[in-house]
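See below for the structure under consideration.
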Amino acid sequence: MEARHMLVTILLLSFVFMNIMKVEAQKVIGYPAIGRDGARGCSPKDPSCPQQPEKPYKRGCEKITRCERDRRKQAHLRNPRKVLDVVAVMAKAKQLY
């Protein structure tokens, strides 16, 4: 009799646990803001939208890469001594590592 009582208790607890898991698994995260009005983009109707810059930021060339020289296809150094100093520092750093 005791074994039958234990088996019924285990089955009952299993049934309750499975129902709880089934309810939890059915919860869905939705997108109510998009479904209601649609996504709000930049338009004349939405003046609070930040304006996009005309020319987006674009990083220029570093002095050490001499991009200006590369565009002109000529070896033009404004300050050759400074370039030699940079090359010496880079060579010394390479020796340290």
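Note that Cβ sites are derived from N, Cα and C of the backbone, with glycine treated the same way.
The disulfide bond annotation in Swiss-Prot covers Cys42-Cys49 (among others). In the three-state DSSP reading, Cys49 (disulfide bond) counts as coil. Its Cβ placed at the centre, Cys49 (disulfide bond) has 12 other Cβ atoms within 10 Å.
Under the heading disulfide bond, Swiss-Prot lists Cys61-Cys67 (among others), citing similarity to another entry as support.
Under the heading signal peptide, Swiss-Prot lists 1-25, citing sequence analysis as support.
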